[in-house]
Amino acid sequence: MAYFNDIAPIKYEGTKTKNMFAFRHYNPEEVVAGKTMEEQLHFALAFWHTITMDGADPFGSATMERPWDLEGGSELDRAHRRVDAFFEIAEKLGVKYYCFHDIDIAPTGNSLKEFYANLDEITDHLLEKQKETGIKLLWNTANMFSNPRYMNGVSTSNRAEVFAYGAAQVKKGLELSKKLGGENYVFWGGREGYESLLNTDMGLEMDHMAKFFHLAIDYAKSINHLPIFLIELKPKEPMTHQYDFDAATALAFLQKYDLDKYFKLNIETNHAWLAGHTFEHELNTARTFGALGSIDANQGNYLLGWDTDEFPTLVIDITLQGWILMHVRLKVQQPSLKTNSCLISLKNVIVHTRRQKLVNLSKMEQQLLKVLLLMLLSMGMTSNLILTT
């Protein structure tokens, strides 16, 4: 079923266009530094904010009703509809890559065996869509932070059965990565850290975390599929302190445990700010050590101490880092747009920057953006960019 019949594919129309559903500055066919923009910038659409987000937050329930979630049937039926809607959005935007957590795409069922079966069925559908559209899997990951079993971590948990369950999720995730041709595999240790040092053996926990990563590497080698492993950095939230605090901390960990030749870093703007750094600092640290793997582009709120995934609002902040599109959440206060709430996914990506008056760049500013992109390319500072809506 199609959900966006009334929206044509988004094309580049230049800065003077009045069409809100058009790119004004991103021209995928324009050559910059010997390659097209599309070749230089591997934009990826993320499954979670784009398709599964319902507007719930820690203080309230869902505010959004997605058309693909309202048509009845089983949880698997809904999962298949989500795949169709997702690839339709990606095609409309011209995005060539995508990313997902395992629980984003398939229901977990009542057992690990049932979860595996659901993942197999849905990834068959994903593979069909990949072949049909040419869209590729940039990275996938296992959600090892939402279920209550992971409240004290996975690899750093004091319960062996929790460690084992998480390892089983990663095992399946690597098999799915091979099946779908994934280029990277991500670890975000949202609960790999501590609430208090009074009951924490930090050295032991980091030993266990390193062992977990080595097991993942060994298994990837055993199935002849060794993607680039990425650690997504975040200093806190939900834990008081997380072991992937920032680029320097993660690099020290990787070097200590002989993991640095297998891992690179996934840098997110908002997470850098939470660590007390600028995004530029984290990018430069990763680049200096040859560990810049992927970018989640967004911004936070300097006055808040938690992750907000907001749209960038200043031209200089966008151009300095080479941001083009951004890792952002739908607003809880945006339950609908016209009659289809699903249109928000497209409209936020294309129109929100217009509301913030970022697209009305002068010719000089346009040239500055291109010069900065060339500088970033020469410094090796452009890599995979994650676009989540």
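Glycine residues also receive a Cβ, built from the backbone N, Cα and C atoms like all the rest.
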Worksheet item: Swiss-Prot records Glu232, Asp296 as Mg(2+) 1-binding residues. Which of Glu183, Glu192, Glu195, Glu268 is assigned to the same site?
Response: Glu268
Worksheet entry | Spatially closest candidate among His101, Asp104, Glu232, Glu268, Asp296, the listed recorded positions, to Asp307 (Mg(2+) 2 binding site) (Cα to Cα) | Glu268
Worksheet item: What three-state secondary structure does DSSP assign to Asp296 (Mg(2+) 1 binding site)?
Response: strand
Item to complete: For His271 (Mg(2+) 2 binding site) and Glu232 (Mg(2+) 1 binding site), determine the Cα separation and express it in whole Å.
Response: 9
Fill in: Listed in sequence order, residues with CB under 8 A of Glu232 (Mg(2+) 1 binding site) and six or more positions away
Val186, Phe187, Trp188, Asp244, Leu265, Asn266, Glu268, His271, Asp296
Item to complete: Return the residues near His101 (active site), defined as same-chain residues 6+ apart in sequence whose C-beta is under 8 angstroms from its C-beta, sorted by sequence, else 'none'.
Response: Phe47, Trp48, Asn140, Thr141, Ala142, Asn143
